[in-house]
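Novice: Structure in structure tokens, see below.
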Amino acid sequence: MRFVDEATINVRAGKGGNGCLSFRREKFIPRGGPDGGNGGDGGSVILRPTNRLLSLYDFRLQRNYEARNGQSGMGSQCDGRKGEDLVLELPLGTLVFEVDDEGHEQMIADLSDPDGVFVVARGGRGGKGNEHFKSSTMRAPRFAQKGEPGEERRLRLELKILADAGLLGLPNAGKSTFISRISAARPKIAAYPFTTLTPNLGVMIDEVDPDRRMVIADIPGLIEGAHTGQGLGHRFLKHVERTRFLVHILSIEDIDPENPWTGFDLINEELARFDEVLREREQIEVVNKIDLRTPEEVDALRQQAAQQGRRIFFISAMHGEGIEEVVDAMWRLRDTIDMHEPLVHLQEVEEEDEEFEDIEVVYTRE
């Protein structure tokens, strides 16, 4: 499926059913009292996050969504049926923005809790039947309420992938090979830059405890100026905002002997320019493709990193060398760093059984 991380949709909740204007009519009871039932409430539009989806592609294909209307009330005090709710499943980590008529946006939901749901458009309340208005002073009310219209909203959906670890690096650093080594992900791998055009997700399973898992996001290669839109990284930098930590991979081919860690510093600067908080995010620094250099050259780099106080892992993702040490470090970080809090907490909204502010009545002839 094509990866899509933004979409705009229109949602409309169902209209409440009209209340019924009816009187009891039976043999030998010429003046039966009112017996009009209430209309059913309209169905609501509900958003439910799920980890089964990784793209908003379906919401690019279909943009309009409507819940069912409530049925009108009937005689003999029969209430109308409530309209069926429309439940839309969205990828876990989706941000929901309401867009007004002038194009202004306001975030209304952060779907980062797999057990949470959000009522984005509430169905209209059903109108009261004339039996509801019977009183000691009004024995035969000849009016009933109409149902309320359902809420309508225009929404912009923005997916920010929820992952434990984010893989970063310059193009052709070997991130895709690395993620294919440690998980069941099978991204496209080739010896040219920008092989990865969209984020790939992999799940690493603990060999001792199969229920212990780590989700890893392979972010497309970043280049200098990514925060301003250069290269491919500009669109995907947002996907690292919610990771617990980052795994920064640098190809040994990109190392300058005079200043070997420039590649790490360049990407870190791009992260900071995109969001200053990312500068402080925990990182694991990895030099990949050590099989392309002699053991003596690799040892010299190890010593230089140690002298400068940098803990850097040296690996060959192609041949599996050094992978186990990186994986152990990733598990340690995953277990010590909490997932980031949602930007907007979902709140349960209690339905209030209140009267209509403005009663719209339907009269019958005398």
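Cβ coordinates come from backbone N, Cα and C, glycine included.
Swiss-Prot feature annotations, pasted as is:
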DOMAIN    1-162  domain 'Obg'
DOMAIN    163-335  domain 'OBG-type G'
BINDING   169-176, 194-198, 218-221, 288-291, 316-318  GTP binding site
BINDING   S176, T196  Mg(2+) binding site
Novice: Counting all other Cβ atoms within 10 Å across every protein chain shown, which of the binding-site residues K175, K289 scores highest?
Specialist: K175
Novice: Other Cβ atoms within 10 Å is the metric here; tell me which of the binding-site residues N172, S176, S316 scores highest.
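Specialist: Max Cβ neighbours within 10 Å, all protein chains included: S176.
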Novice: Between S176 (Mg(2+) binding site) and S316 (GTP binding site), how far is it from one CA atom to the other, in Å?
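Specialist: For S176 (Mg(2+) binding site) versus S316 (GTP binding site), the Cα atoms are 12 Å apart.
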Novice: Could you find out if DSSP has K175 (GTP binding site) as helix, strand or coil?
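Specialist: In three-state terms, K175 (GTP binding site) counts as helix.
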